[in-house]
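What follows is a short report on a single structure.
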Amino acid sequence: MESNSKTIVWFRRDLRIEDNPALAAATRNGSVFPVFIWCPKEEGQFYPGRVSRWWLKQSLIQLEQSLKSLGAELVMIKAQSTLSALLDCIEAVGATKVVYNHLYDPVSLVRDHNIKQKLGELGVSVQSYNGDLLNEPWEVYDDDGKVFTTFDAYWEKSLRLQKEPVSHLPPWRLTPAAGSVKMCSVEELGLENESEKSSNALLGKGWAPGWSNADKALTEFVENQVLAYSKDRLRVGGNSTSLLSPYLHFGEVSVRKVFNSVRLKQILWTKEGNSVGDESASLYLRAIGLREYSRYICFNFPFTHERSLLNNLKFFPWNADQAHFKAWRQGRTGYPLVDAGMRELWATGWIHNKIRVIVASFFVKFLLLPWQWGMKYFWDTLLDADLESDIIGWQYISGSLPDGHELERLDNPEVQGFNYDPEGEYVRHWLPELARMPAEWIHHPWDAPLTVLKAAGVELGMNYPNPIIDVDVARDRLMQAIFIMREKEAATNAADANGTNEVVFDNSDSVGDLANPKVVKGKAPCPSSSSYDQRVPSMQKGSTNKKRPKPAEEEKKLKDNWLSCNIKNEGKISKADDDLCSTAESSSMKKQMTTSKNSFSVPQAISMSYDRKSFECEASSHVKLQKEEEIDMEINSGKNGAIAQ
């Protein structure tokens, strides 16, 4: 043991002192220099939204206080380069070692690999740890050593790999490493500007960020709510889920602690014969598993933040309609349950998992808008915005996962309204213009008699919009788009078979040369590596160039729908390909972002009451994945990072 060592503890999304492997390791080996580096430039297109930055700020305040009470000060640095900031810290204290906990999103993977390689070349020991998952992504493969691409198979294997619970107790005291660097206060980090403070003040009335508050929230859930989780989790109003997702996203509570706490309850209920409790615990642990799976997929397939896991959407004719995008964002689609969800999201930064599924499905299937746009909007607005969870969620909805929704599946928001908000209480709360509508008509006011509308004070097309698109028309358009997609794919395959090698760009492929660099394959030599170190993803372990077989009758139905559509509609849908290649100006970063010619760019015309990172369309943040029949999409931004658990 090197009792005289000086170790830099690099905090990122692990803002806790309990069960923090990197902090625990540094504490055992001499003095520590805790540092948090905020580098907006490196956040790029995934610069956090207003509410997410508010949470980060509050969490840092509590971490700073906790570390100070243990004897060490959290050094906060605002930098142009994370590597340069770390080098300054190393030089200032004479540190010989840097420790941190792993992150798995594509941007962090590239940055961390480069930093570890550079520091190793300079003779600085670097050690990284698993502080975010039950199992590392490179630990879970099938019997042939290949990557799992379905959740059930992955989770079954993960559970078999579970080891004895291991937890790192918080240190009793910290020995600070002597030295000083140019640091700033949490205010000087610039996580919250003056124009945002009035809106953010309301967030503090409903949420209490910070690792100690995360511990209280977990205890409350496990002791008083998890028993009824199987019954309550589908209620779209109120707190029917654990609400742990933002705490999990920022690492204020470890996933190991959450898993073990619920698993212990499950063991007790099983012994007591409590089937309800056993089922509730299983469903909640499955939600934890979905969060794990989101990291697993993003690590092993680091392109999924910009294009589909499956190649089935390569030729899909997205309808890049900015007016429809705006109506969806503002909750003005004319479908009450969808609109209520979008207005709650704007007002609070939070929506229930089921509502996330519903609004995302409407976005993709009714409006044919590119899923990357929706993912980026969630990233910019969700309190528990979590890139990996949202990638999985939106690809699940878009039929881009082997076990996701079928692309042909189109759910009626009216029917969903009666299923999940039968009395209309949720809709009335967020759509005051419909507050007096009877429950019988509240989810389809366009069918209500004029006398009912008049009594409720509703003027369709005036104070509440007519439906942006009819359900039957939306279904026909979706079928037509799928037919076009398959026709293009067949033509391309035929051309390739004839040796013409026609190149067709994937219009959902935003592999920008500038936005997110590709993860380097293979592991670079590093003086300090061990079994704890994070691996670099390899794309050799699995293939995703597959699609579900379609019955002959489905193909015939698609063709019949296509033949019945008029030429005008065909041209309108196909024109979308050209509309997807623009650039978006970042209002919050104050700079122009450029993309490759075949990248998505989210429309510029997004007027908000606060500055937000540009909608450059390879995007991110929170819905969740999971079979809709079970509707357990509880991961989100947080617990699911985007799985609103």
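Every residue, even glycine, has its Cβ placed from backbone N, Cα and C.
A TrEMBL annotation is a machine prediction, not a hand-curated record.
For 5-134, the entry in TrEMBL reads domain 'Photolyase/cryptochrome alpha/beta'. What TrEMBL records for TYR229, THR241, SER242, LEU243, LEU244, SER245, TYR284, ASP384, ALA385, ASP386 is FAD binding site. The annotation site 'Electron transfer via tryptophanyl radical' is assigned in TrEMBL to TRP318, TRP371, TRP394. If you look up TrEMBL, you'll see 516-557 marked as region 'Disordered'.
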Original post:
In the domain 'Photolyase/cryptochrome alpha/beta' (5-134), how many residues does DSSP put in helix, strand and coil?
Top reply: 64 helix, 28 strand, 38 coil
Original post:
Among the recorded sites listed here (TRP318, TRP371, TRP394), which has the Cα closest to the Cα of TYR284 (FAD binding site)?
Top reply: TRP394
**OP:** Using a 10 angstroms cut-off on Cβ to Cβ distances, just flag whichever of TRP318, TRP394 is the loneliest among these recorded sites.
**Re:** TRP318
Subject >> Proximal residue to ALA385 (FAD binding site) among recorded sites TRP318, TRP371, TRP394 (C-alpha distance) >> reply: TRP394
**OP:** Quick one: average pLDDT across the domain 'Photolyase/cryptochrome alpha/beta' (5-134), no decimals.
**Re:** 94
Original post:
So how far apart do the FAD binders TYR229, THR241, SER242, LEU243, LEU244, SER245, TYR284, ASP384, ALA385, ASP386 get, largest Cα to Cα in Å?
Top reply: 23
Original post:
Given the recorded sites TRP318, TRP371, TRP394, which one's Cα is the least distant from that of TYR229 (FAD binding site)?
Top reply: TRP394
**OP:** Take the C-alpha atoms of TRP318 (site 'Electron transfer via tryptophanyl radical') and LEU244 (FAD binding site) and report the distance between them in angstrom, rounded.
**Re:** 35
Subject >> Spatial separation of TRP371 (site 'Electron transfer via tryptophanyl radical') from TRP394 (site 'Electron transfer via tryptophanyl radical') - C-alpha basis, Å >> reply: 6
**OP:** Tell me, if you would, which residue among TYR229, TYR284, TRP371 (recorded positions) has the fewest other CB atoms within 10 Å in the structure shown?
**Re:** TYR229
